[in-house]
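What Swiss-Prot says about this protein:
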- 17-24, 81-85, 135-138: GTP binding site (BINDING)
- 8-286: domain 'tr-type G' (DOMAIN)
Amino acid sequence: MARTHKLEDVRNIGIAAHIDAGKTTTTERILFYTGVEHKIGEVHDGAATMDWMEQEQERGITITSAATTCEWLGKQINIIDTPGHVDFTIEVERSMRVLDGAVSVFCAVGGVQPQSETVWRQRNRYGVPSLVFVNKMDRTGADFLEVERQIRDRLKGNPLVIQLPIGAEENFEGVVDLVKMKEIVWDADAEMGSAYHEQDIRPELQEQAEAFREKLIEGISEVDGNEELMEKYMEGEELTTEEIMAGIKAATIHMHVVPMLPGTAFKNKGVQTLLDAVVHYLPSPVEAPPIKGTKMEDEDVEVVVESTDDGEFASLAFKIMTDPFVGQLTFIRVYRGSLESGSYVLNSTKEKKERVGRIMKMHAIKREEISEIYAGEIGAVVGLKNTTTGDTLCSDKDKVVLERMDFPDPVISVAVEPKTKADQEKMGIALSKLAAEDPSFRVNTDEESGQTIISGMGELHLEILVDRMKREFKVEAEVGAPQVAYRETIRKAVNKEYKYAKQSGGRGQYGHVFLKIEPQEPGFGYEFVDAVKGGVVPKEFIQPVNKGVQEAMARGIQAGYPVEDVKVTLYDGSYHDVDSSEMAFKLAGSMGFRDGCREANPVILEPMMKVEVEVPEEFMGDVIGDVAKRRGQVSGMDDRAGNKIVNAFVPLSEMFGYSTDLRSMTQGRATYAMEFDHYEEVPQNVAKEIIEKRNS
């Protein structure tokens with residue numbers, strides 16, 4: 001099967017936005033106008049084609065980036081739909097990695113919202129050229145130029161207005177195209193916004209249009225590489241439409257400007273002009289910067305993988321999904337060469353061979369089977385066994401590893417218990433499949449309680465995963481409250497004598513020990529020293545004492561949490577020829593240790609998290625006050641891209657519910673990350689609560 005479109009006629013784009021900016025509706029309209037979709041799905045009634053998992057339809061938010069292919073002006077456009085909720089940032093990171101360009105959707109009323117800041121940071125990190133689509137121009141309070149100001153001030157972006165809105169709110173009827181200097185007006189009586197026409201700019205808009213066109217030309221002629229434009233412009237010569245378009249494209253691809261256009265997807269205006277801009281200004285795989293990687297055999301040797309059809313196959317797996325009909329789908333972006341179904345490839349990240357079964361081109365939820373996939377394309381492969389997100393698949397003739405993505409560590413854990421025995425087995429399978437799909441989700445077993453602990457990026461993240469276990473894998477599970485792993489230790493050294501003696505007719509029990517118990521540095525662990533002189537405790541009874549001490553350590557002193565950082569020395573004792581046994585000395589060791597520790601100023605330790613909050617300056621005071629309320633200590637402050645960074649150490653037990661609290665405290669404009677740092681002593685009043693709770 002030959003290529004349907006030349007490599008330079010392909011566009012791989014993502015549509016990224018804040019939750020509720022209207023991203024899914026925009027994608028739906030794109031599919032409708034490009035002729036793939038016949039009845040438009042609205043998110044409001046939960047029927048959008050792109051939102052193909054049940055939970056997304058219920059919550060009205062997009063969770064998994066479905067990949068879809070469509071065509072406009074003879075170009076193939078592959079769209080990756082990205083989620084807009086903070087807990088799903090991993091999905092956005094993932095799709096940013098494989099895109100060549102992006103459309104950022106902003107709400108004309110809400111403007112720049114917190115998630116837009118996060119998505120914008122990721123876009124800059126991965127260097128993805130973008131357009132801005134200001135959606136919902138028909139809504140009360142819509143203000144296109146206010147959104148432009150916010151992008152400049154809040155996101156430190158460089159928006160380039162290429163179209164102005166004609167009217168706003170219910171009077172929004174079209175756009176002024178500043179490149180052609182024409183109005184584009186949608187016909188009021190045409191069905192679904194399918195007809196629109198060009199006309200001359202009305203007199204009352206002429207002056208504004210000329211001022212913005214001036215700004216547009218200035219904006220693109222200041223860019224390196226566009227010097228000829230600058231000269232013509234300075235000499236007052238008229239620039240041709242082609243020159244302006246080439247200038248916008250060059251400035252966009254080099255990340256100097258972000259072209260901006262208005263519209264309303266819901267009311268079917270401005271989507272066709274957005275598609276035109278995608279084709280004209282966003283890069284094809286050939287124009288996008290080539291992807292870098294390393295040699296599989298030697299990761300110090302860097303290689304550049306140019307986008308081309310000839311050359312050995314190289315691709316990146318960016319998403320794994322479980323499909324009810326075909327099993328596991330691995331979404332790949334091909335960077336070089338081509339791949340045929342039925343062939344073998346090398347997973348160079350894991351150094352394993354894989355056999356490719358079928359290859360699918362996805363259209364949101366419908367799929368088309370193809371026999372071959374080429375450079376620059378995005379498709380789903382069936383049949384891979386060992387490939388996970390971020391792995392490289394390549395030919396074994398040129399073994400490259402494309403750069404891996406960075407995945408954040410989970411920040412919240414809960415225990416899950418299967419409701420029945422039957423659920424137990426299914427739960428294990430379900431959790432391992434979900435973990436393969438989502439690298440920011442971890443599963444482990446708590447050695448102390450034997451419970452299954454799941455960890456993820458936020459409370460909503462875990463809620464949705466438990467919900468998917470129920471729906472897709474039919475596993476019923478009880479979810480516990482988030483848990484903290486405390487520890488215990490002592491603060492002063494003591495000497496303790498303990499005699500275990502039992503006499504009840506026949507053979508008795510006798511073990512007698514003198515222990516020195518000493519606190520040690522954090523992280524020391526445990527040490528047992530045998531300092532017995534003159535055989536007062538026979539050799540064979542020494543290890544049982546050690547074993548008894550360790551069993552007592554595991555049981556804890558005050559609240560039943562494991563004891564750590566102690567040194568125990570056995571320095572004296574006595575024994576009885578008949579009544580002494582290993583058991584007697586083990587019990588003497590464990591009871592002696594327990595009683596000794598109770599006199600050694602025992603304390604409870606809690607995990608301290610290193611927390612970093614990125615917050616706009618106006619909310620910094622609230623965030624710092626809140627850290628203090630959570631028993632945290634601020635360790636430093638910093639600046640980053642117009643925001644403040646607050647670094648602090650906060651007890652894990654005080655961080656539950658933090659993402660929700662932080663969101664409401666900062667109108668959702670702050671983001672945070674946390675990781676475990678060290679254990680620290682719990683204050684007296686908190687320790688008292690922990691002990692009472694454990695012993696009740």
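Heads up, the Cβ atoms here are built off N, Cα and C, so glycines get one too.
Cβ packing within 10 Å was compared across the binding-site residues ALA17, ASP20, LYS23, MET137, and the lowest neighbour count falls to ASP20. Annotation note: ASP20 (GTP binding site) sits in a coil segment as assigned by DSSP. Secondary structure at MET137 (GTP binding site), as computed by DSSP, is coil.
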